[in-house]
Amino acid sequence: MTQKVGVLAIQGGYQKHADMFKSLGVEVKLVKFNNDFDSIDRLVIPGGESTTLLNLLNKHQIFDKLYNFCSSKPVFGTCAGSIVLSKGEGYLNLLDLEVQRNAYGRQVDSFVADISFNDKNITGVFIRAPKFIVVGNQVDILSKYQDSPVLLRQANILVSSFHPELTQDPTIHEYFLAM
């Protein structure tokens, strides 16, 4: 069965995710409106700026549709996308997870680091990245950086504090497709 991956395209780094999936031969739909959710099988919520993203979700009146989709279908949130999926006032509250925004520093403090995932070294690009600070027992820690979780999964939801779409390595995107 052919999968169609939606990439939320109202703000942030959605194009790099779309390009990564296209390089894997996957059909991609840029999601901007409520009816766009009806034609996709899974969704990526990209990085960007979480407050702006939340404001736009409400302004475009797609917050509720996004919540319903993420409650049952595979979803991958990177950086700001992970924040939106976590616990917090005005967030989707779909993960047993609390985050600290910009915990790894400001834009000038961005960095690249090797992390281990499924017995493979991958590159993590951390740009104003959140830190996953309270992880519930329903959440599986898939990867860490300096003893802090940076890649997590809870049921149908995958989140990363880093940006795998900014590398040439499709490992994390392939994992998401297999969920």
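Including glycine, each Cβ sits where the backbone N, Cα and C put it.
Quick look at what Swiss-Prot lists:
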- Gly48, Glu49, Ser50, Arg101, Ile127, Arg128: L-glutamine binding site (BINDING)
- Cys79: active site, nucleophile (ACT_SITE)
- His163: active site, charge relay system (ACT_SITE)
- Glu165: active site, charge relay system (ACT_SITE)
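Known features from Swiss-Prot, placed on the structure.
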residue: Gly48; record: L-glutamine binding site; contacts (Cβ under 8 Å, 6+ apart): Gln11, Gly12, Gly13, Cys79, Ala80, Gly81
residue: Glu49; record: L-glutamine binding site; contacts (Cβ under 8 Å, 6+ apart): Gln11, Gly12, Ala80
residue: Ser50; record: L-glutamine binding site; contacts (Cβ under 8 Å, 6+ apart): Ala80, Ile83, Val84, Arg101
residue: His163; record: active site, charge relay system; contacts (Cβ under 8 Å, 6+ apart): Gly13, Lys16, Gly47, Thr78, Cys79, Gly124, Val125, Phe126, Ile127
residue: Glu165; record: active site, charge relay system; contacts (Cβ under 8 Å, 6+ apart): Gly13, Lys16, His17, Asp19, Met20, Pro46, Thr78, His173
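Over all protein chains present, the Cβ of Ile127 (L-glutamine binding site) has 21 other Cβ atoms lying within 10 Å. Cβ-based neighbour count (10 Å, all protein chains) for Arg128 (L-glutamine binding site) stands at 19. Arg101 (L-glutamine binding site) falls within neither a helix nor a strand when secondary structure is assigned with DSSP, and so counts as coil.
Within the set Gly48, Glu49, Ser50, Arg101, Ile127, Arg128 that the record links to L-glutamine, no two Cα atoms are more than 13 Å apart, and one pair reaches that distance. Here the Cβ of Arg101 (L-glutamine binding site) has 15 other Cβ atoms within 10 Å, regardless of which shown protein chain they belong to. Cβ contacts within 10 Å of the residue listed as 'active site, nucleophile', excluding its own Cβ and spanning all protein chains shown: 29.
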